[in-house]
Amino acid sequence: AFQDVNHMVVFGCGFFFAFLRRFEFSSIGLNLLIVVLGVQCSVLTEALFLFLLHRPNEAGLQRITKAIVSVTAVVISTGAVLGKANPVQLILMTVVEMIVFHLNRWLHNTFLQVPDNITMMHVHLFGAYFGLAACSHFSEPSPGSEKNRSTPKSDLFSMLGTVFLWVFWPSFNSVLAEVEKSKAVYNTYFALAASAGTAFVLSALTTREGKFHMAHIHSAILAGGVAVGNAAPSIEYPWIAMILGLHASVITILGSYCLQRCFNPPLRIHDTSGVHFTFGLPAVLGALAQVVLLVIQNWTGLPRLDYLVWFHIGALCLSINVALISGFITGLILNFKLFKNIPASKYFEDQLYWEFPHLAVGF
């Protein structure tokens, strides 16, 4: 299960973000840099928290598994600033976000008594809103920029990453589950299957000539896995997971239209990879769905029901607020002159960071 999650984060996410025509080297290579740095930072930060709280350390494999799951938040945040932040800025963002993510987990565990496996499944929510807040400080790219587009080859790379994520997502949702691991696996699979089917249908219905749109398929087929993350071990019937996956896919595709045209322009947010509608909105839907399932399952115990509902809603709001505030401050810091911001005309350009021998001038 750990190896599945490792493949998912390193290989799947690396190729998932390789859709920009001139930023493929950086999308895959810098993703690996962020992951290896984030895992080390996560292990050290969690060890520090355990030391300060006088709690015993966990086994090595469990510790590194939590670290690789935690670093997913940074990878998602990177998608929002993809092509606009230089490697130094990405490294700083990785360190800060890992520390804040573990602080957010500590707040959940201490004040809301939220179990570890639930706080870890907030990685999609936290990563999406942290990235959105951070990217608000970066300049928008030039309208109609040729570099801010994909090609059939880059779309193929990106779809390869999407398929890897789709295949390994059941392991991601079940690797930290304390009970009902098998239930988490098959509920995630059914949610993913429903979201994938819905994505193809909606894509054909919302495009001209009834053809599939690669951007829709690229993001919406993963929405079910994101949405079912919190509730996967507790869903009793597969049809509930399928309904959740269907709604998540609908929200993702409709969100891709509404957010890019109505929400992002007034706030001057340029979300390069669409992490808001790919990860953020499905994660919010999943958190709210978990509250609904708790209400249904505990309808007879009203006093306990009130506590469960408010504590899950509080956990959702806390994660969003901590992510937005810390992401906004981090984005402000990243734009200091010390870190040599990239001008908008140089966005989405591999040649700033990588050698291209075939483009070098001969001696």
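Cβ coordinates are placed from backbone N, Cα and C, and glycine is handled just like the others.
Please treat TrEMBL annotations as automatic predictions, because they have not gone through curation.
Residues annotated as domain 'Ammonium transporter AmtB-like' in TrEMBL: 2-337.
Long-range contacts of the transmembrane segment (6-23) within its own chain (CB-CB distance under 8 A, at least 6 residues past either end) are made by residues 31-32, 35, 68, 71-72, 75, 78-79, 82-83, 146-151, 154-155, 157-158, 160-162, 164-165, 168-169, 171-172, 218, 272-273, 348-351. TrEMBL lists 6-23 (among others) with the feature transmembrane segment.
Residues or ranges marked as transmembrane segment by TrEMBL: 30-52 (among others).
If you look up TrEMBL, you'll see 64-83 (among others) marked as transmembrane segment.
The transmembrane segment annotation in TrEMBL covers 156-172 (among others).
Marked as transmembrane segment by TrEMBL: 184-205 (among others).
Marked as transmembrane segment by TrEMBL: 239-259 (among others).
If you look up TrEMBL, you'll see 279-297 (among others) marked as transmembrane segment. Residues 76, 122, 124-125, 127-129, 132, 223-224, 226-231, 234-235, 240, 244, 247-248, 251-252, 255, 305, 308-309, 312-313, 315-316, 320 of the same chain, all 6+ positions outside the transmembrane segment (279-297), place their C-beta atoms under 8 angstroms from a C-beta of that stretch.
Look at TrEMBL and you will find 309-336 (among others) tagged as transmembrane segment.
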